Amino acid sequence: MAGHLASDFAFSPPPGGGGDGPGGPEPGWVDPRTWLSFQGPPGGSGIGPGVGPGAEVWGLPACPPPYDFCGGMAYCAPQVGVGLVPQGGLETPQPEGEAGAGVESNSEGASPEPCAAPAGAAKLDKEKLEPNPEESQDIKALQKDLEQFAKLLKQKRITLGYTQADVGLTLGVLFGKVFSQTTICRFEALQLSFKNMCKLRPLLQKWVEEADNNENLQEICKAETLVQARKRKRTSIENRVRGNLESMFLQCPKPTLQQISHIAQQLGLEKDVVRVWFCNRRQKGKRSSSDYSQREDFEAAGSPFPGGPVSFPLAPGPHFGTPGYGGPHFTTLYSSVPFPEGEAFPSVSVTPLGSPMHSN
């Protein structure tokens, strides 16, 4: 029987069993479950009291079933000693022939058996990997339709004399949402995403219909262009005018409405421009004065930590200090509250710890 066993497991009967020679066969590696479940030959002394002692007799926990290691699913790879002991427990003895057959069958199967995946998961993966042919055909048809509409939009816009910016402003007049020139340009060049192209398509379709039917659409577009230009006009003040405003601010930081009108008339500016400039200048003065006062207070107070550093002993425990010095370790900390001179912390006794390798 020994010739049929694998090299990893060579069955050796427990002490007290029979053998061919005086010393019996050479000892080899034995599965512990086979050793515990072995009863011994008839008439010979067993390895424990009773018939077929199990793991409970030797004080060892019972081995869990193989499927407990896999979360309730059967393990597909070959397991060592599965055929040696029954799954129900380790107390039932097993004949020597059956144990050897179990070892032989498991040792010969070198490659693990593949686990069978659940049918539902395999079906879902297959549906994800294989696209629906009907959906792909619909997407291709929509893409072709968008390409044709983009060409039609560009031709209609150029024929009627609209720019891309005019189209965006007209959409704002018709639907309440203004689109930029870049968006219209990217739509005509098919550079937008498929999702954004589909969202913008119905709005542009309505614009084409309005451009064909409404003759006043271009006049509305021009009026909207003027309104957009008036909304935001950046004010630029010359250096000479800014210097005059600065000198007037030093004389009167908060002028009245009559004074603002007089200043605007002298400098040739609008009243709103002068009023906003004085308001911004006052805010700037408040920020600069507050920063200056905080800096003066900080310099007058001096160092926030008088009295120098204060040393606090660390909590007892292993610390990495200089080797060879067994004194207590201290760390230098700074307290936000100044301590009067003469006061000191009560002495704290810290027992130096020895090396953990040589401790008793």
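Quick reminder: no glycine exception, Cβ is built from N, Cα and C everywhere.
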Stated Swiss-Prot location of region 'DNA-binding', expressed as one of 193-196, 253-256, 353-356:
193-196
Quick one: which of 137-166, 287-316 does Swiss-Prot have down as region 'Disordered'?
287-316
In Swiss-Prot, which of the ranges 4-12, 76-84, 220-228, 274-282 has the motif '9aaTAD' annotation?
4-12
Thr235 (phosphothreonine) and Gln164 (DNA binding site), distance between Cα atoms, whole Å:
28
List of residues, in chain order, with Cβ under 8 A from that of Thr235 (phosphothreonine) and at least 6 apart:
Val273, Val276
Residue counts in helix (H, G, I), strand (E, B) and coil for the region 'DNA-binding' (180-186), per DSSP?
6 helix, 0 strand, 1 coil
For the domain 'POU-specific' (138-212), what are the DSSP-based totals of helix, strand and coil residues?
62 helix, 0 strand, 13 coil
Mean predicted confidence [pLDDT] for the domain 'POU-specific' (138-212):
87
Here are the recorded positions: Gln164, Ser236. Which has the lowest count of other Cβ atoms within 10 Å?
Ser236
Under 8 Å by Cβ from Arg157 (DNA binding site), counting only residues of that chain that are 6 or more apart:
Thr163, Gln164, Val167
